[in-house]
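What TrEMBL says about this one:
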type	residues	note
DOMAIN	27-265	domain 'ABC transporter'
TRANSMEM	357-379	transmembrane segment
TRANSMEM	385-412	transmembrane segment
TRANSMEM	433-459	transmembrane segment
TRANSMEM	465-485	transmembrane segment
TRANSMEM	497-517	transmembrane segment
TRANSMEM	580-602	transmembrane segment
Amino acid sequence: MTDNEMATQREPNGVALTDQQPKTLELNFQEVNYTLQNVIKGPTQILKQASGTLKSGRLTAILGPSGAGKSTLLNVLAAFKINGVDGQFLINGKPRDIMAYRKMSSYIPQNYVMLNLLTVEETLRVSADLKLPRSTTTEEKQKIINEIMDILQLKCCRQTLVRNISGGEHKRLSIGIELITNPPIMFFDEPTSGLDSVASYQVICHLQSLAKLGRIVVCVVHQPSSRLMRLFDDVLIMAHGEVLYAGEQKDMLTTFSQFGYNCPQYYNPADFVLEVGSESSSTQRCEDLILQNKLRHSIIDKNSCKFHIDESGKFPVEEELGNMHLLRLKERVGFFYQLKILLKRHLRSMSRDMMAVQLRILMHIIVALLLGVVYWQIGNDASKIVSNVSCLFFIILFVFAGNAMPSILLCIQDSAVFIREYYNGWYSLRAYYISKVLADLPLQLICPTLFISIGYLMTGQPPELFRFVMCWGILVMTSFIGHFIGVVAGTSLTMQLAIFIVPSVAIPFLLFSGFFIRLRELSWFLRPICDISFFRYIFEGLLRAIYGYNRGELACSEVFCFYHSSEQFLKDFDMLGDHYSWDITVLMGFVLVLLLAFYIALQVSIKRALR
């Protein structure tokens, strides 16, 4: 592909970039401040009157010591931080419109999380399906994907799972995902982090190529080598939240020398400016550098830029957007198409997940066989009725825990991807929520079905189809409840806290299930807890399915069996009466409440991520 062909690559609607945007773009930011609000420590000013200019066709590096405010400035420039920001942002001399600006720019964070169980090509395909208009044909999407893989040298790993690609390939893939819509402005937060010198050089070379095609490309780089420094056209040097220098890389050392900072011969320029920026306090020479940079990037013709200084002498604050949801981009495809793509992606990832699917299914089969061996053919023996009840209670515990704990890990892995894609307008919250629920259904049906099919027959439970179906229904509800408790915890809490909270909350409810103590024996003030314990209805429903509905007399292998009558047994456990339908209805109610809690947890995680 020639440079001319690459320069006229398509926009999402098939129109070349040069037909959509001016041939040159210039982003000018003036006296930008950012104040972080802290409830305990109070407000902290991170950026202090930062000024600079970013130009299309040029690769710009943001350099500075740790804590200088590099990533914060990048987030502000990318419009990922709005609250607490004041200053002026101009694109080609005109105040930027936040939503239009978000559509024409992309931001690639340092840790760009992707789904590990999709291949490189599948990852790009999902991005193309959700980010390009519905009118884009499959052939056009494939052509775009092929072009991106060719530009970023990803063809050799197109069928490799994301978890198996190298660090450099991972960085290039993150670039490729954002290139799907061919944005004219791209921001990268430490794209060389964690890479060796060769991979770092390759990544920066790719960024340089993207810039030469007419884009504004800005990246934060931590201590680049002299070889990497030569690849940058412009540099922006920061120290203590202020900009010391913003301009062409070839003029950087000359400017510093004018203010008394002379770089030794054969010394890495990047190391030199980092040492200057690391001075403990701002000297007069640093202050002169900062002032000179502000004057250099000031707007000369304020009227033509529609930019004025107010009476206080300060720059006007950009329109306040208290609700960060207003910055979310609009989806490019319809709801049902989003649902289709997401459902396909969820199912494909799950089918390849050994921990979530393969081992979980295998675990249910092995434990069911072990259960059958331990409790072999005791279900119809009145002398072993207590052991059979213990068997049933173990089944409840296993199905619940076997679905709750793995679900925590699955949600935590997906959360970061969901937040990024949702915020960038790939799909709606409703589409993600429904696709996630539907994609989890097969596994929640398969596992308890296999478990009860094996365990029911081997433990010798009554050979009546309606009783088997009733037991199956209870265990499916148990699986759903365990799964969604894990999902809610995994979505709203950290992994360590979720793993601690789920058992801690579940175990007390076990005490009020009716297995450890009869409900009538509880103190009066504890009895209301039984009404909200889902384990009570699970245990009650399972016992009624096995021993209720006129089962009659049980066979007794001993001389005397106390519970010869199944009706007497249920009476002693305070579960007399054929009220299975009530138990299953209450359990469905619990599932609906957890479904609502999952939706709320997703909303909360979005708001928490956008703070």
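Here the Cβ of each residue, glycine as well, is placed from N, Cα and C on the backbone.
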Listed stretch, out of 357-379, 465-485, 497-517, 580-602, that has the most CB pairs under 8 angstroms to the transmembrane segment (433-459):
357-379
Would you call the transmembrane segment (385-412) and the transmembrane segment (580-602) in contact, using three or more Cβ pairs under 8 Å, pairs 6 or more apart in sequence?
no
Hey, which of 357-379, 465-485, 497-517 has the most Cβ-Cβ pairs under 8 Å against the transmembrane segment (580-602)?
465-485
Need one number: mean pLDDT over the domain 'ABC transporter' (27-265).
88
